[in-house]
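Here's what TrEMBL has on this protein:
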type	residues	note
DOMAIN	190-356	domain 'Helicase ATP-binding'
BINDING	417, 420, 457, 460	Zn(2+) 1 binding site
BINDING	426, 429, 444, 447	Zn(2+) 2 binding site
Ligand SMILES: Nc1ncnc2c1ncn2[C@@H]1O[C@H](COP(=O)(O)OP(=O)(O)OP(=O)(O)O)[C@@H](O)[C@H]1O
Ligand SMILES: [Zn+2]
């Protein structure tokens, strides 16, 4: 919905950003007062204006947020209302509720244990719910609950708007190494000084980027302001949360889709009124109504999961930079493997480039080599080559841990009938059904459709004729179980590690050395620090290259470099073996040589030559409908209406690689434009002039990451 004009009734004072309720037809809806003259609206005669019904009791949308909303709507071709809904989710309108917190107050417990003593000492002057207190005191929740039962901790009922545990900048500052201190000092000074300052913090895996950007967070706390840390996968933050609590004395506020409504409401309100000092969250946290945001950190900034692929198609990394600009704040993109877009900005000097070239504590970078699968093919029915298998044997023999990386969930990516050749496909998508042997099901990884594995071929009816083709992580686990029957194995995928609690349990088990071999998808590449893990095997480094999209090479490089970075982070040296059919490829050579610059320079030049991002602009137009003919007709109409202009080219329409998704037929167009072209305006005028029937959906994806 666009902007509408209303009259302000006598006795009500309204300012831009205020939340209001207004009549619309027979209904009353909520809205926000916008700055005069910034939005196009229909002119309505003053005497025909309906009055605003009332002002709502939620914090107004600040001027920086209003400018950010305008930018997001404009840049990503979204409706302003759609963007405002991200800033004002429905929780903003919920009522208050009460929660129970605890603090020291009563007598000492009759029975004093070391853990209880530690808790009593550390909880002096603190208050929080059981979980927070356990973290602050570094004891189990059971210990805290024991102290509640003993009457040592007393209950305090607080509204959801009550006190929150406050991170303490001086709680446990680390002793930084010289290079770390220099980088941390510069960022902390920038946060202290205020003003827009974007940074690329590039540090090799294990260099201590987290410790270093914590100093920027500390600077925000010291200045009395707020900090936001965006992480790619909130389910994986358990180790991060533990480190945060160790550094600042309590947990930060978490923001993600799994929060209960009451938690969301409490978090939202605390961010708005400034009680929440530090927020860690998934990309949607970017739209929280911070009162005084001093610094935003985008951790693992290269991760493509920062790109939102539904609703408003925005890239959280880029919106984070824009928000910092509007808020006059610091933004830090932290990663070991920056995106080319980010690197180009740093090279231009738009972002200040800070580097940590060595691992913390003198740990060495791992020794990386490629295994040529043409020379060392795995035995029949196996996926691990003899050199990788030998390395696993040696690692286990030394009592150390190994990690095998294969970016494929399930047992096998394809199931086919030996008798008639039928391949089992999803009924809703152009995709093969993936066998998950652990759950005895076939699943579509695009729409979630599942069926039991059929006993006979659905096409020809032959019994026991279905065979699994190709490996997924479950199949690698099966092979490990056959070859090293004693080894204790954990599979790490979004199927197995799907909650913070499970991630925490995984970390505990690995640290306690209850696991010998980890087998995982890209879930295992992110952030883990396991000192006893000394071998990383990349089962199929060529896998991601086959799709051939714009970032296939870059993404493969980042994934392999990240997973290789899990090896040898402690005192013992790490070894990485990359199985590939193309060891001579530049990408593999750069990985083996530990020379990312060699890869990045070539890749950047290639993008420059082809006018691809960040040197040119791309937008995808996805046209879909349950009616195949309607989708095709609409896509053709859009294609026919494409403007002819210098510096703009349009590919398609063509059936999308995922020609059907969730039962919708899909056509794509890809628009490529020169950097200087005002692509958004062109797209808006173009698409605005094409009438599309109601059963067809047109989605514009600016700066697309997905080409299926
Ligand atoms: N100054 C320091 N004092 C104490 N420990 C440190 C210090 N710097 C780093 N460490 C420790 O070194 C390990 C690696 O640091 P960290 O995880 O921050 O690295 P990273 O650069 O984020 O790595 P990655 O990109 O691989 O996730 C961690 O266990 C961290 O606590
Ligand atoms: Zn499907």
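Quick reminder: no glycine exception, Cβ is built from N, Cα and C everywhere.
Automated prediction, rather than curation, is the source of TrEMBL annotations.
Here the features listed in TrEMBL are painted onto the structure.
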residue : record                : CB count, 10 Å
417     : Zn(2+) 1 binding site : 20
420     : Zn(2+) 1 binding site : 12
426     : Zn(2+) 2 binding site : 24
429     : Zn(2+) 2 binding site : 22
444     : Zn(2+) 2 binding site : 20
447     : Zn(2+) 2 binding site : 17
457     : Zn(2+) 1 binding site : 21
460     : Zn(2+) 1 binding site : 12
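Among the binding-site residues 420, 426, 429, 444, 447, 460, the residues whose Cβ sits under 6 Å from any atom of ligand 2 are 426, 429, 444, 447. Taking Cα separation as the measure, residue 457 (Zn(2+) 1 binding site) is nearest to 426 of the binding-site residues 426, 444, 447. Of the recorded residues, residue 429 (Zn(2+) 2 binding site) and residue 417 (Zn(2+) 1 binding site) place their C-alpha atoms 20 Å from one another. Neighbours of the Zn(2+) 2 site: apart from 426, 429, 444, 447, residues of the same chain with C-beta atoms within 8 angstroms of the site's C-beta centroid are 427, 428, 431, 433, 445, 446, 448, 449, 661, 662.
In the three-state DSSP scheme, residue 417 (Zn(2+) 1 binding site) falls into the strand class. When the binding-site residues 426, 444, 447 are ranked by how far their Cα is from the Cα of residue 420 (Zn(2+) 1 binding site), 426 comes first. Those residues of the chain, other than 417, 420, 457, 460, with a C-beta within 8 angstroms of the mean position of the Zn(2+) 1 site C-beta atoms are 418, 419, 421, 422, 458, 459, 461, 462, 465. On the backbone, the CA of residue 460 (Zn(2+) 1 binding site) and the CA of residue 447 (Zn(2+) 2 binding site) stand 26 Å apart.
If you take every residue in the domain 'Helicase ATP-binding' (190-356) and average the pLDDT, you get 93. For the recorded site, residue 426 (Zn(2+) 2 binding site), the DSSP three-state label reads coil.
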